[in-house]
């Protein structure tokens, strides 16, 4: 397994819509392991493939509490099939927008259909932090960032800040595979 470089704002790759995974095979399982290792190293609780430069509809997450054993999960081609009408508010952050956090309103519960690492279709009914994390990461697969839920003024301030920071650092190396 390997830690992969993170794609950060304002990289336009983050706005790209990811393509469906065609086949679950050993190379995809290895990539899932790389994604989990990258997420834990960052540290974070969720990571979409696009955040490590791969425009695939795949995400990993682990929403276990710090005092609980790790619970890594991999979602391939995830799709939200239902949402509750009840709103939920959580402070969100993002490994692609480091050190910026904001409260975001999302549906409190979602049902997500996905494929697991064995190639089997699964369904999860999620609430709480799991629902929030799944929605955040699935948004990444659609080119949507959590700052898109903020007011235009706040969003523009964040984008300006990260554009300025990007001018001061070299572009990230991209792995081609």
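Glycine is treated like the rest: Cβ placed from N, Cα and C.
Annotated in Swiss-Prot:
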type	residues	note
BINDING	94, 136, 140	Fe cation binding site
ACT_SITE	137	active site
| remark: Once DSSP output is merged into helix, strand and coil, residue 94 (Fe cation binding site) belongs to strand
| task | Compute the mean position of the Cβ atoms of 94, 136, 140, which form the recorded Fe cation site, and then list in sequence order the other residues of that chain whose Cβ is within 8 Å of it. | result | 46, 48, 51, 92, 95, 96, 137, 139, 145, 146
| Quick one: Cα separation, residue 94 (Fe cation binding site) versus the residue listed as 'active site', in Å? | 9
| query | Around residue 140 (Fe cation binding site), how many other C-beta atoms are within 10 angstroms of its C-beta? | reply | 25
| remark: So residue 136 (Fe cation binding site), by the Cβ count within 10 Å over all chains shown, scores 24
| note | Looking at the recorded positions 94, 137, the one with the fewest other Cβ atoms inside 10 Å is 137
